[in-house]
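These notes are about the structure you will find just below.
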Number of protein chains: 2
Amino acid sequence: MASNVNETNDVTLTKPIRCIVKLGGAAITCKNELEKINEENLEIVSSQLRQTMISSENVVSLDWSKRPGNSDISCNVDSFGDQLSFDANKFIVVHGAGSFGHFQASKSGVHKGGLDQPFVKAGFVATRISVTTLNLEIVRALAREGIPSIGMPPFSCGWSTSGRNIASADLPAVSKAIESGFIPVLHGDAVFDDIQGCTILSGDVIIRHLAEHLKPEYVVFLTDVFGVYDRPPTEPDAVLLKEIAVSEDGSWSVIKPTLQDMNKQVEIIVAAHDTTGGMVTKISEAAMIAKLGIDVYIVKAATSHSLRALSGEVRGNVPDDWLGTVIRRISR
Amino acid sequence: MASNVNETNDVTLTKPIRCIVKLGGAAITCKNELEKINEENLEIVSSQLRQTMISSENVVSLDWSKRPGNSDISCNVDSFGDQLSFDANKFIVVHGAGSFGHFQASKSGVHKGGLDQPFVKAGFVATRISVTTLNLEIVRALAREGIPSIGMPPFSCGWSTSGRNIASADLPAVSKAIESGFIPVLHGDAVFDDIQGCTILSGDVIIRHLAEHLKPEYVVFLTDVFGVYDRPPTEPDAVLLKEIAVSEDGSWSVIKPTLQDMNKQVEIIVAAHDTTGGMVTKISEAAMIAKLGIDVYIVKAATSHSLRALSGEVRGNVPDDWLGTVIRRISR
């Protein structure tokens, strides 16, 4: 797909990107309540990201804006004396929409295109309002932890599609932000489509594109379950798939646990309970990233396991007490 | 300045842009209270923009997100039955920062650059959070009036400077949004600068750049006073300058009212009371737009006068009962 993408790929990074993190919509918003952020999770996720990005223990908020209910702006200038630099590991954050945007997009069918129809155009506006509201809140949550986060909504940042495949993306802008010491925060967004007028560009597709071109050391998907299971994780017998191997041709198979013909079985069961395309899309996008030689970790947000995955601790040999799913290329 | 700007200017518009509107920071925010929107003014301004952009009397909100204090999302699908199209006059909205962003930017000196200093970098993050918060609220206010508004923060949309002059700007993205029937909403923003690292790109400079390249029929600045005065408008003898003529070389003179040597006098007095560069910048930016043959109207927001200016009614001969300042090129 990279070949037909119309973009200037003069991406030069002085230091490789350490990690691209997906904050899953289900992990940072309340699934069952429209446009509600899961504040508790978001706070822990932001704190874990700080711990893995910035070595300093000194948390200095970079959000100097008023918070709802507060009349004050806080900006402790003195705190910056000790803070010699924000020299952070290079991360990119991409978040899903969760309970933001989904209502607006599905109601109006933005993903199917047709901007000449007033209702689709209205939905495009409404969807963008909802997802940029979430983006701003996530940027603020990260900034409060001292992470120099910069919102880069794909619609504004030159991302567009053609027949729902990525047609353009301003990757130099992402690199420039990273090189300047910021943490870009992208998200699933409504974008223009050359063929059908508009569509929804998902966070997972964005991650794959970024991974393909910016070659991070590893990718972490933070979700609301411990990883990928062989059946809906709510079922009593659900088995967590700890390691999935991806071969050269992109096909994948379960390495751990070793169950007979688990692969086929998983494929069928996953497909059956996945009406939104969520887990199938995730595995197939993850497999495409792993195919590039980039390890992918799917792990429950705001747990000790996510902290270990973010810090890179589980790279190489996965510890037995780590809960999550590793998807990696077969090295033979 | 256009000559050294590094951008693809393949801007093709099927129909000229009717108007670029500046929503002055002082008109839409409360000057004396940090990060507070002047809701009443913003609502009237949004309503006036709807009246001048969209012929339909049918107001259908395009903001389907929850509002603070509300638990509901409203989306009246049925309303779109009658709404055959949003075919709107082509407008671009640019807003200032007012009581948003200013604190964060000036505290940290973002305009002076130096992104390698932690405090400047922190200020860059804090400024962007504050101005994008305002942008989102303005996009929502316009959308609630049925205007298909799309936030296009300059930082994200490819705007950058070199020595504080515009070095790049993704104008094709603005045109594309307009051609697709949306109303782009830009704003003063913190951006990267090739030479000094970063700076503040003001809304007024953005407007001039847009006017230069996209050639709107006219430009309207909505402010918190009736127009440009010969001295601070709070002084009892202040005289509203109703017409300012700009000559080929960019120099300007007051045509109405006709006072002896008013020109020199104004220049001196304006400069003396204008510590933030606000009015001097505004007149000189406006003069540069007028020099291109594009009439500029400076008018008090949320008044009958602003509605008349926005609708284009005062073009040609300015009615005697219209309060505001016209800045136009001398046609001889």
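Including glycine, each Cβ sits where the backbone N, Cα and C put it.
What TrEMBL lists as domain 'Aspartate/glutamate/uridylate kinase' is A:18-299. The site 'Transition state stabilizer' annotation in TrEMBL covers A:Lys31. Among the features that TrEMBL reports, substrate binding site is placed at A:Ala97, A:His102, A:Gly203. Residues or ranges marked as ATP binding site in TrEMBL: A:Gly98, A:Asp224, A:Gly278, A:Lys282.
Where TrEMBL records a feature, it is marked here on the structure.
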residue	record	Cβ contacts under 8 Å, 6 or more apart
A:Lys31	site 'Transition state stabilizer'	A:Gly98, A:Ser99, A:Asp224
A:Ala97	substrate binding site	A:Gly25, A:Thr29, A:Ala105, A:Ser130, A:Val131, A:Leu134, A:His187, A:Gly188, A:Gly203
A:His102	substrate binding site	A:Gly25
A:Lys282	ATP binding site	A:Asp204, A:Phe221, A:Val228, A:Ile298
*Compute the centroid of the Cβ atoms of A:Ala97, A:His102, A:Gly203, then list the same-chain residues not in that set whose Cβ lies within 8 Å of it, in sequence order, for the substrate site.*
A:Gly25, A:His95, A:Gly96, A:Gly98, A:Phe100, A:Gly101, A:Ala105, A:Val131, A:His187, A:Gly188, A:Ile200, A:Ser202
*Farthest-apart CA atoms of A:Ala97, A:His102, A:Gly203, residues recorded for substrate, distance in Å*: 13
*Cβ neighbours of A:Gly203 (substrate binding site) where a neighbour is any other Cβ within 10 Å*: 24
*Between A:Gly98, A:Asp224, which of the binding-site residues has the fewest other CB atoms within 10 angstroms in the structure shown?*
A:Asp224
*asked:* Within the domain 'Aspartate/glutamate/uridylate kinase' (A:18-299), what mean pLDDT does the predicted structure show?
replied: 87
*What three-state class does DSSP give A:Ala97 (substrate binding site)?*
coil
